[in-house]
Amino acid sequence: MSDVFPQEKNVPVIDEPTNFNDNYTKLDVKDVATTEELNKLRKVSGRVPTAAWFIIICELCERFTYYGVSGPFQNYIQFPPPAEPNGQPGAIGAGQQAATALTLFFQFFCYITPIFGAILADQYIGRYNTIVMFCGVYMVGLVILTLTAIPAAIVANASLPGLIIAMVIIGLGTGGIKCNVPPMAGEQNTCTKPYVKTLKSGEKVVVDPELTTQSIFHWFYLAINIGALSPVITTNIEKYHSFWLAYLIPLLMFFFAIAVLLTGKNKLIKKPPNGSALLNCFRVIRVACSHNRSLDNAKPSNMTADDKVKERVTWDDDFVDQVRLGLQTIRVCLFFPVYWVCYSQILNNLISQAATMQVGGVPNDIMNNLDPIVLIIFTPLANYVLYPLLRRCGISLRPITKIFIGFMLASLAMIYAAALQYFIYNTGPCYSQTLCLINNVPTPNNINVWWQSPAYVFIGLSEVFAVITGINYAYSKAPEALRSSVTAIFLSTSAFGSLLGLMFIPLTTDPYLVYMYLTLSMLAFIAGLSMLYFLGGYDDMGETENQKVVKI
């Protein structure tokens with residue numbers, strides 16, 4: 001299947017058989033899959049539309065920037081400038097607890113701001129314009145971060161306030177982009193009807209739009225993790241040159257992201273704003289709560305003539321039904337904060353753990369690049385080998401089951417981190433007093449840093465099952481009017497995970513780190529089991545079951 005464009009001006013569509021009107025795509029009635037064909041023929045993904053690649057490439061560049069600047073944060077904050085050329089890199093010297101707290105604050109701010117970006121896009125200026133505007137905000141933060149990381153700024157103690165200001169501005173910029181890019185990528189798939197196609201082998205298959213959307217999100221997430229390899233560059237520059245140069249490289253890459261976005265302006269499907277579904281969603285819930293906690297009572301048709309609320313209603317009955325579907329979708333979000341606390345360890349405490357081990361000349365903060373490497377390898381394997389193979393065997397891993405597997409892998413990663421920390425504490429020369437001074441030089445314990453590898457592998461595998469599935473679930477299950485809002489809510493679970501992580505700050509110091517990792521492991525295990533117990537029955541949920549959600 002090749003990429004073509006629709007009959008409408010400047011609006012691309014997918015090359016499908018024509019004559020059947022379906023939004024931007026036109027299919028021949030005879031080619032639309034019948035119920036019998038849907039049941040008998042193998043389902044395959046369609047080709048990723050050309051327009052979607054502009055979004056995917058832009059996301060790759062933005063993630064390169066985000067991870068490139070945030071990768072060195074833990075060292076930048078925790079350690080002072082090295083006393084010798086090959087010493088542990090650092091700048092501010094605030095310690096591990098302060099470094100962990102600030103990186104958690106940064107993650108929180110990056111993932112709470114998508115809610116505001118979603119409202120702005122839906123209510124006022126649309127997704128594309130919102131993305132472009134927040135790219136400008138993002139750029140300001142990058143410039144501040146780079147300038148306050150120069151040696152003169154470090155000596156003048158300007159690095160810490162500069163970092164905090166940059167964190168806030170970058171967090172606002174990335175948040176405004178983050179909530180709008182995934183749904184915009186999904187919207188480039190304009191074919192919404194399954195149709196029959198004959199392969200070169202002669203086999204007839206059903207091209208399933210849902211599988212095409214899944215494929216878009218798999219490539220989208222793969223692009224994220226290719227971009228996430230940027231710390232391989234920035235951490236080495238940080239160690240062997242300077243922090244300011246390490247931050248300059250992502251800044252330049254972000255210029256390219258903006259260029260790609262502007263180049264694709266006339267090729268992208270850009271839906272106009274039609275009012276903030278998220279704001280109206282909150283209003284519907286508020287009315288329902290004040291009317292016997294029933295969503296049906298929030299429908300205008302069920303309000304009495306003397307109900308004062310009816311005068312201010314800006315929605316119809318159909319929107320209330322969509323809110324009901326949206327609430328069903330976001331139930332899975334309730335369990336994700338625990339997952340994100342486990343995931344965040346690769347961005348702070350595991351970096352600090354690596355600094356207490358023998359690194360053999362590599363930067364201690366380069367180890368977390370194993371996570372995107374695992375994703376780059378396993379994401380296409382899962383999408384094109386594992387899942388199709390299981391479907392051929394009659395096994396269909398449903399979304400909740402995949403997410404449960406992801407939670408179990410995250411729990412396993414924390415168990416391994418706890419065991420490794422135990423061995424670090426029982427290895428000389430510093431034992432539980434890690435990085436003790438020997439001849440006035442901070443000295444790591446005699447255990448090789450590559451023993452950390454399994455923890456990163458488990459986290460990477462957990463993302464394939466939990467996060468990729470979660471973002472696809474949020475997009476696919478949500479009603480069209482609420483997709484941006486539900487995506488923003490899913491992303492905000494990482495923010496709440498960061499808040500939850502702040503509770504563990506007292507344990508982020510020696511000799512308590514073993515207890516922290518064990519606690520996180522148990523929480524992830526319990527959260528995964530609870531999700532499977534409460535939501536496992538909704539894996540094959542259809543509209544009829546959704547209608548049962550009447551109380552909030």
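Placement of Cβ uses the backbone N, Cα and C atoms for every residue, glycine included.
Record features, source TrEMBL:
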- 98-119: transmembrane segment (TRANSMEM)
- 131-154: transmembrane segment (TRANSMEM)
- 160-177: transmembrane segment (TRANSMEM)
- 219-237: transmembrane segment (TRANSMEM)
- 243-262: transmembrane segment (TRANSMEM)
- 332-352: transmembrane segment (TRANSMEM)
- 372-390: transmembrane segment (TRANSMEM)
- 402-425: transmembrane segment (TRANSMEM)
- 455-475: transmembrane segment (TRANSMEM)
- 487-508: transmembrane segment (TRANSMEM)
- 514-535: transmembrane segment (TRANSMEM)
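Ranked by the number of CB pairs under 8 Å to the transmembrane segment (455-475), the listed stretches 131-154, 372-390, 487-508 are led by 372-390. Within its own chain, the transmembrane segment (372-390) has Cβ neighbours under 8 Å at 67, 214-215, 218, 221-222, 225-226, 228-229, 396-397, 456-457, 460-461, 463-465, 468, counting only residues six or more beyond its boundaries.
Against the transmembrane segment (243-262), stretch 131-154 shows more Cβ pairs under 8 Å than any other of 131-154, 160-177, 219-237, 332-352, 487-508. Contact between the transmembrane segment (332-352) and the transmembrane segment (219-237) does not hold: fewer than three of their C-beta pairs are under 8 Å, each pair 6 or more apart in sequence. Tertiary proximity for the transmembrane segment (219-237) is limited to same-chain residues at least six positions away from its ends with a CB under 8 Å from its CB atoms, namely 48, 52, 55-57, 59-69, 71-72, 75, 182, 185, 245-247, 249-250, 253, 363, 365-366, 368-369, 371-373, 375-376, 379-380, 467-468, 471.
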